[in-house]
Structures are given as C-alpha cells and as structure tokens.
Amino acid sequence: MSVNKLTSRRWVSITAATALAVSVAMVSGASPASAAAAKGGTLYFYTNSEQFPALDPTNMYTGRDIGLFGTYLFRTLTSYKMEAGSAGTELTADLATNTGVPSNKAKTWKYTLRPGVTWEDGSAITCADLKYGFSRAFALDVFNAGPTYAISWLDIPTLADGSSAYKGPYKKTGKAAYDKAVTCSKDNRTITYNLKRSVPDFNYFASYPTTGPIKASADTGDKYDLHPMATGPYKIKKYAINDELTLVRNDKWKKSSDPMRKAYPDDIVIKLGMNEDVRDEVDMTDQIPNGINMDGLQPLNNIAYFNDPTKAKQRWNIVDPFVTYLTANNSAGHLDCLLVRKAVFFAYDNQSLIDLSGGLKYYGVMGDNIVKPNLGMDYAPTKGNIHDPNFKIGGNPEYAKTLLEQAKTACPDAYDRATNPAKGLKYYRADTATNKKSAVLVEAALKKAGFVIETVYKPAGTYNANLVEYKSQTDFLASGWAADWANASTVIPEMWGNGCCNYTKNEKTPEYAPFIAKVNKALSELDRKKQATMWHELSQYGMDQYWYIRTVFGKDQATWGSKIGGMTEWKPFSQAIYNDLYIKQ
Amino acid sequence: MPKSVKDAALIEPAKIEGEEVTLRTPKQIALARFKRNKVGPYSLYVSLFFILAAFFAPVITHLWGLSSTDIYTDGLDEFALPTGGFGGISWQHPFGLEPGAGRDVFSMLLYGSRISFTVALVTSVASIGIGMIVGIAGGFFRGRIDALIGRYSDFLFAFPSFFMIIALSYPMVDRVEKTGIARGNNARLLVLIIFFVFFGWPGFARLIRAQSMSLRERDFIMAAQAQGASNWRIITKEMLPNLWPTAIVFLSLSLPGYLSAEAVFSFLGVGIQPPASTFGLVLSDAVKYWKVDPSYLFIPSAMLIIIVLALNLLGDAVRDALDTKSE
C-alpha cells in the first residue's frame with residue numbers, strides 16, 4: 001500500500017539492502033552503545049501485527065525479522081557486521097570460519113563450520129544440518145514466502161515446466177541431483193555449494209536465515225514455524241499468536257563460539273496484536289520505558305511525537321531502503337496501453353498522497369527508478385517520468401487528457417475501458433482507514449483527467465493471501481520492496497522479470513522478451529561496473545514502459561522508550577543494531 | 001371530542017349565542033393540535049430546512065462555488081491538516097476542510113445527508129408498506145394466516161439483526177454486484193436498505209394487526225359487511241383511512257431511527273464507502289483527528305444531533321396531534 005508502508009512491510013517480501021554511500025538523515029542523535037551497556041533486564045517490543053510473517057527460517061524474508069531473529073535466535077554462515085555506519089553493510093563470518101571461499105569463477109562456494117557451535121539442545125551443528133536447511137527452500141508446496149535464489153542458482157537440472165528437478169526433503173524426487181550440488185566433507189564440518197552460474201555475491205545470500213541450519217530430526221514441516229530451534233544466544237519460551245513471543249537465554253550458547261553477539265537483556269518479550277491507538281499511547285506517555293515500537297506511529301501521532309522536544313533522544317527519522325510503488329496491470333484487457341498508463345502517472349496527485357502519509361519530511365520523496373539511490377553504483381537517475389517537463393507533483397490533468405486523447409486512436413480498447421462509465425478501471429485495496437482516505441485522493445485526481453475509476457475494498461485480513469488472485473483482476477496494486485543486498489539483481493528481475501514478486505503481468509507484452517533477454521545477460525555479467533551500466537539501461541527501459549505507475553523513495557521513523565540504550569541504525573535493515581540494545585539501569 | 005368522521009356527523013352543530021361554531025374535520029383538528037404543540041412547528045421548520053438542503057445539495061454547493069469531490073489542497077499544510085483556525089473555517093469553506101484529503105466539509109455533509117435521508121425515507125416507506133399489507137392481512141383474516149405471520153415476525157424479532165448485517169454485508173454486496181443490479185456504493189446502499197426493511201417491517205405490522213383487529217369489530221365495518229361489501233372494499237375504503245394516522249406517526253418516528261442507524265453502520269465500516277460521505281463515515285474519520293482538528297468532529301456531530309432531534313420532536317408532535325388517545 002503506497003500510503004501505509006508499515007502494512008506493506010508486513011506482507012511483501014521486503015528485505016534488507018546494503019545501504020551504501022547514502023546520506024542517512026538522522027534527525028536526532030541516537031548514541032552508540034556506550035560503556036554503560038550492562039547485562040540484565042527485560043527488553044520489550046510491541047507491534048500491532050498479530051503474528052510474525054514467518055518464524056521458520058526457510059520462510060523468513062522481511063528485513064526487520066532477518067535483523068531481529070538473526071541477532072537473537074538464528075545464526076547463519078555469514079552475517080552483516082553488527083556495527084554502525086557503513087561498516088554495518090560489510091559481511092563477517094558467523095557460523096563459518098570465514099565469509100566463504102569461492103572458486104571456479106564463483107560457481108563453487110565452500111564454508112567450514114566454526115568449532116563449538118551448538119543447537120539449543122546442546123548437540124553440535126553439522127554440515128548435514130546446513131545441507132538439510134538449505135534443501136527446504138525447494139519444498140515450494142510447504143514454504144512459499146522465502147527467497148528463491150537457492151532454486152535458481154544450485155546446479156540442479158530444470159524440468160520442462162521451468163521448475164527444479166529437486167522437490168525438497170519431504171519428497172524424494174531429485175534427491176541425487178541435490179546431493180551432487182551440495183556436498184559435505186567427511187568430518188561433517190565443511191559444506192560446498194555447486195552453482196549453475198557465477199554468483200559473486202553468494203556470500204550475501206549466506207547471511208539469510210533460509211540458508212541456515214535445520215536439524216532434520218526436529219523438523220515438523222509447516223508446524224516448525226511455531227517453535228523453531230535456536231542457535232543464537234536466546235531461545236523461544238512461548239509463542240502465542242495475537243499475544244506474545246517470549247525469548248529466554250539459551251544456556252547452550254557459548255560466547256567462545258560467537259565473539260560477535262553481546263546478548264545484554266536477560267529476556268526479550270514481543271507483545272503481539274497491540275491496538276494501534278494503545279501502542280501509540282504507550283510510546284507517547286513512555287508507559288514501557290524498556291520497550292521499542294516495532295511498527296512506527298500512525299501519521300498524526302508521529303508528527304506530534306517528532307515535535308516533542310523531550311523525546312529527542314527516543315526517535316530517529318532515516319531514509320530507509322524501501323521503494324514503494326504502484327503497479328499497473330499490463331495484461332490485455334487492463335492497462336495494456338502505454339499512453340493510458342502514462343496518463344495515469346501524469347494525472348496522479350502525488351503531493352496530496354505524500355502529505356496524507358506524513359509529508360516529504362516523514363513519508364518520502366517521489367522516485368524516478370525502482371532501484372533506490374542507496375544501492376550505490378546500480379542507481380542512476382532515469383529520464384522521463386518525474387523529470388518530464390509535464391510532470392507536476394500535484395498532478396497535471398490537462399496533459400493526462402491530451403495523452404488520453406492520443407490513446408483514443410492509438411489503443412481504442414484500453415481507452416474505452418479507462419473512460420467508459422459502464423466499464424472503468426478498478427483498484428483493489430485492503431479495507432483500512434488510511435486506504436479509504438487515499439482512495440478519495442486517487443479517485444479525485446483520476447476523475448479530473450477523465451478516467452473512470454472504482455476502488456474495490458477487500459477485507460484487510462485476507463487481502464495478502466488473495467494477492468495472486470487479485471493481481472489479474474485489478475488494474476492497480478500498491479506494494480513496496482527493498483534490495484536483498486547491494487546489487488540491482490535483487491530488484492529488477494524480482495520486480496519486473498521472472499523473480500518472486502512481479503505483479504505487473506507484463507509477461508505477455510511485446511516489450512517483455514527483449515527485456516528478459518537483457519536481464520539474463522546482466523545477471524551473468526561478472527564485471528561489476530559493466531553490470532551496473534546494464535542495470536541503468538534496464539531501469540530506464542522499465543520506467544519508460546510505465547510498468548510501475550509511480551515510485552516513492554521512502555523514509556522511516558522509529559520510536560522507543562526512555563530506558564532503552566544502544567539504539568543505532570543498522571544500515572542493511574534500517575533497524576536497530578539489535579545486538580547493541582540494553583536496558584539502562 | 002368526536003372520534004371519527006362518522007361520530008362527528010352525528011353531533012348537532014352547537015349554537016352559541018352571537019357566533020356560529022363551524023364543524024371541523026379530523027384533519028383540521030389534528031392541524032390545530034399540532035400548532036398548539038410548543039415545539040412541533042419549530043421542529044417541522046428545522047426538519048424541512050435540512051431535508052430541502054439535502055435535496056438541493058447540488059444547487060447549493062454550485063451557488064457557493066464548491067464541489068464535494070474537489071480537493072482544496074491550498075487550505076492544507078505539509079501534513080495535510082487544514083490551515084487556519086477551527087479546521088480551516090472560512091467564508092469559502094463554512095464548515096472547514098477535511099483533514100488528510102482536503103475536501104470541503106460543508107458540501108461533504110450536504111451530500112452525505114442526501115444519502116442518509118434517502119436510506120431513512122426509502123426504508124421507512126418500504127417497511128410501512130410491507131407492514132401495512134401484512135398487518136391488515138393478519139388482523140383482518142386472522143386464523144392460520146395470522147398465526148403464520150405472527151410466528152414469522154417473532155422469529156425476526158428474536159434475530160440478532162445487528163450482527164447479521166455486519167457479518168453478511170460483504171458477501172451480500174458481492175452477490176448483488178454479481179447479479180449486475182448495482183455496483184459499488186449503489187450495491188452497498190441497496191443491501192443496507194434491504195437489511196433494514198427485512199428486519200424493520202414486523203414492528204409496524206404488529207401495530208397494524210392490533211388496530212385492524214379492533215377496527216374489524218367496529219359497527220361501521222359490520223354495517224358494511226351486512227350490506228354485502230367485499231373484503232377489498234372494506235379494507236380499502238373502511239379500514240385504511242383509519243390506519244393512515246398510525247402510519248404517519250410511525251413514519252415520523254422511524255425516520256430519525258433509520259437516519260442514525262445508517263450513521264452507525266457506516267461508522268462501523270458497513271454500508272457506503274469513500275469517496276462518498278455520510279455522517280457515519282465523516283464521524284469515524286473525525287475520531288482519528290479529534291486532537292488536532294476538534295471542529296471536524298464537532299460540526300458533523302452537532303448537525304447529526306440537530307437533525308435527529310428535530311425529526312424526533314416532529315414525530316412526537318405528529319403523534320400527539322393524530323393520536324386521540326394520547327391526550
């Protein structure tokens with residue numbers, strides 16, 4: 001949802017980006033962990049969400065959860081350094097002894113386990129556990145929310161229908177091929193991944209919980225989500241949906257095997273399903289001084305909180321790694337006409353929509369790309385769209401009308417659908433208060449330009465579950481995305497190509513085939529600079545097609561209680577460096 | 001005091017010295033009683049004022065140079081809150097601007113009251129229509145028909161209608177849209193009216209049944225029957241004229257009821273959806289803004305209270321005027 005980033009963050013596979021060389025505007029100072037950091041106390045988090053999108057590492061794909069549970073519960077072969085500034089975007093070894101040894105043009109990656117690493121039951125973590133954990137991502141019938149890189153990269157034959165020959169550990173199909181692609185050394189300590197093509201950034205992927213170990217004997221399939229086994233300094237004591245998640249110290253975790261994690265609090269309680277108004281009140285009146293708001297405040301409360309000078313040390317306002325966007329349904333019978341899509345873009349009243357959600361100061365600015373500037377070399381300003389002289393941030397209905405006039409002759413069917421009162425465009429949205437408000441603005445702006453548009457409200461609770469169905473019925477969908485690591489390979493193919501989350505329905509348009517050919521070429525390009533140039537071209541290409549109507553480069557605010565110490569931004573996730581958090585005594 | 005036309009006709013015009021007393025029809029009597037009521041006429045004027053304002057909403061907003069769908073961004077600050085005091089009240093925007101979206105609250109409420117009045121009026125008239133037919137059928141024919149109708153309305157009375165409307169509104173709207181009768185807000189409006197009527201008629205039917213039962217035993221009906229009048233004639237010519245006052249009283253009392261019921265349901269998110277606006281929608285939105293823009297909550301609340309109060313007082317006055325027993 002373009003206006004409610006928090007909601008979108010909850011459901012889309014929004015993940016972390018290695019934010020490189022970006023000016024991160026920290027409005028207020030959050031002091032780095034000082035010498036005063038002390039062990040003990042209970043650390044609270046609270047959220048409006050009733051449950052986590054996934055606790056099972058295989059399905060975990062939201063940036064916040066990777067940062068949070070990657071710190072407290074699950075260890076992975078590599079990890080982002082738990083440090084402030086750009087050091088935080090660098091990798092370090094976690095379960096492994098180093099960040100990986102590539103060979104064979106980065107088609108083979110080798111990791112050796114650190115000695116003394118154990119499960120919460122005291123047994124040693126072995127190569128077999130890593131191999132089993134990695135294999136679960138192939139069981140798409142059980143896990144469908146996690147990243148799919150493992151499937152597209154491992155050297156396993158592809159079937160005629162495009163799926164992998166290996167179907168995961170629960171079915172025996174293709175096991176031999178998997179055993180060949182992922183091998184363990186005799187001492188069960190070293191794992192080798194054999195890939196189809198060169199993947200120079202495999203080590204970044206190795207920091208994702210989905211690549212971490214799972215003990216086969218403890219695996220309960222889709223029920224594992226309720227109580228996954230811990231490898232980090234804490235373990236799950238209680239997980240009750242719409243109530244709370246309680247983490248207590250994992251006494252089998254040894255500091256000697258994990259120099260990085262500090263584990264200050266004695267236990268961690270995450271309150272789930274807290275009413276939004278109650279949650280905001282808790283923040284504003286400091287009712288839980290040792291607590292952190294996981295969602296951010298509602299827009300109006302946010303403004304009030306950020307205007308309060310006494311809260312100066314309990315907040316930050318940063319550029320986050322997310323791009324929120326409005327997808328057009330590019331398939332036949334919908335917005336399959338470039339002129340109509342362009343007309344929508346120019347008619348949109350972006351100013352009012354941004355103001356409604358917190359203004360330029362707190363919500364974000366108009367984007368000209370799906371790659372965000374914090375991706376460093378892969379971002380380049382595009383031409384056209386918001387740089388078009390006809391673009392007005394408050395909407396330009398006159399220009400939109402002239403575009404529609406051209407569409408009348410160029411693509412009469414699409415024109416008729418967009419302007420005929422008996423037909424009209426449809427925008428499926430979750431039935432939430434904020435969406436109702438922004439629908440007023442969207443409809444007013446589009447009607448001014450001559451469109452016929454209807455907002456269709458769908459029950460909020462089941463909206464996300466039905467997205468796959470909705471994407472072919474609606475003309476627009478709103479969502480958000482952030483790069484998985486500092487390479488547009490985790491953005492452009494995922495958003496517009498054959499990756500996980502392409503909602504544009506552009507597969508059958510004539511522009512798609514040349515696009516995907518170029519994407520595949522860029523993916524296998526080993527020269528990073530050349531690859532970046534190719535990404536620039538591809539971003540320009542997609543933006544010119546208006547596959548996305550508009551993009552917004554978002555901002556993010558965090559607020560916390562007065563007794564929380566060590567709040568510093570962890571750049572890859574735009575979250576706290578959870579490792580540094582402690583309770584002020 | 002004469003009880004009906006026929007009674008009145010039996011009374012000899014009284015002769016008082018010096019002046020002649022004219023015989024008054026029941027209508028005149030009722031009108032005189034209504035005028036005698038202290039609040040009756042005023043509540044009538046206020047109700048009429050709002051009903052006419054709703055009816056002529058497009059004309060009024062046009063004359064004022066406003067539109068209920070336009071976004072007046074000039075009056076909003078960087079966080080989309082109205083600039084200026086009291087929610088941005090000015091000569092141009094007499095009730096201020098809507099925080100967040102920037103529509104004119106005056107025209108939103110005028111258009112909103114159109115929807116509210118439509119729901120209230122259509123629902124009341126339809127409930128009365130059905131209630132009248134069913135009530136007369138039960139009261140006049142009695143026997144098995146009456147028993148059947150009675151048990152059915154018992155069932156409807158016992159039904160948790162409030163929860164059912166909330167639970168069933170999504171699927172019902174879906175179904176109505178699929179049949180192609182109406183789409184979007186029209187479908188939601190239709191479903192809401194259907195629900196209201198479905199659960200609304202039994203109350204009135206009971207009232208009418210009881211009245212028709214007693215009317216049936218009256219002398220003039222017996223006389224008509226003795227002269228061989230058909231059932232149809234008895235019902236339409238003899239009974240209906242005596243039932244109208246009840247219907248009018250019921251109408252004037254149920255209007256404000258349905259008006260506020262519509263507000264409650266749209267407040268809860270059932271019924272009309274934005275960008276349309278009704279009292280309930282504006283109020284549920286205003287609740288989120290009450291700290292920063294209290295007048296956005298105050299103005300629609302005050303307007304709703306005045307309308308409902310005026311209609312209620314009007315209903316009371318009409319009942320006092322028409323219902324001879326209440327004196």
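Yeah, the Cβs are placed from backbone N, Cα and C, and that goes for glycine too.
If you look up TrEMBL, you'll see B:113-315 marked as domain 'ABC transmembrane type-1'.
Sequence annotations record features per position, and here TrEMBL assigns transmembrane segment to B:42-64 (among others).
Remote same-chain residues near the transmembrane segment (B:115-140) are listed as 51, 54, 146, 149-150, 153, 189, 192-193, 196-197, 200-213, 215-216, 231, 234-235, 239, 243, 247, 250-251, 254-259, 262-263, 272, 276, 278-279 (criterion: CB distance under 8 Å, separation of at least six residues from the stretch ends). Feature annotation from TrEMBL assigns transmembrane segment to B:115-140 (among others).
Look at TrEMBL and you will find B:152-170 (among others) tagged as transmembrane segment.
Taken from TrEMBL, the feature transmembrane segment covers B:190-208 (among others).
Below 8 angstroms of C-beta separation, residues 4, 30, 116-117, 119-121, 123-125, 127-128, 131-132, 136, 196, 200, 204, 207-208, 211-212, 215, 307-309, 311-312, 314-316, 318-319, 322-323 of the same chain, each at least six residues beyond the ends of the transmembrane segment (B:242-259), sit close to that stretch. Annotation comment: TrEMBL describes B:242-259 (among others) as transmembrane segment.
Summarising the annotation, TrEMBL assigns transmembrane segment to B:296-315 (among others).
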Query - Annotated stretches the transmembrane segment (B:296-315) and the transmembrane segment (B:42-64) touching (3 or more Cβ pairs under 8 Å) - result: yes
Report summary line: Other same-chain positions with a Cβ less than 8 Å from the transmembrane segment (B:152-170) and lying at least 6 residues past its termini are 134, 188, 191-192, 195, 198-199, 202-203, 205-206, 265, 268, 270-271
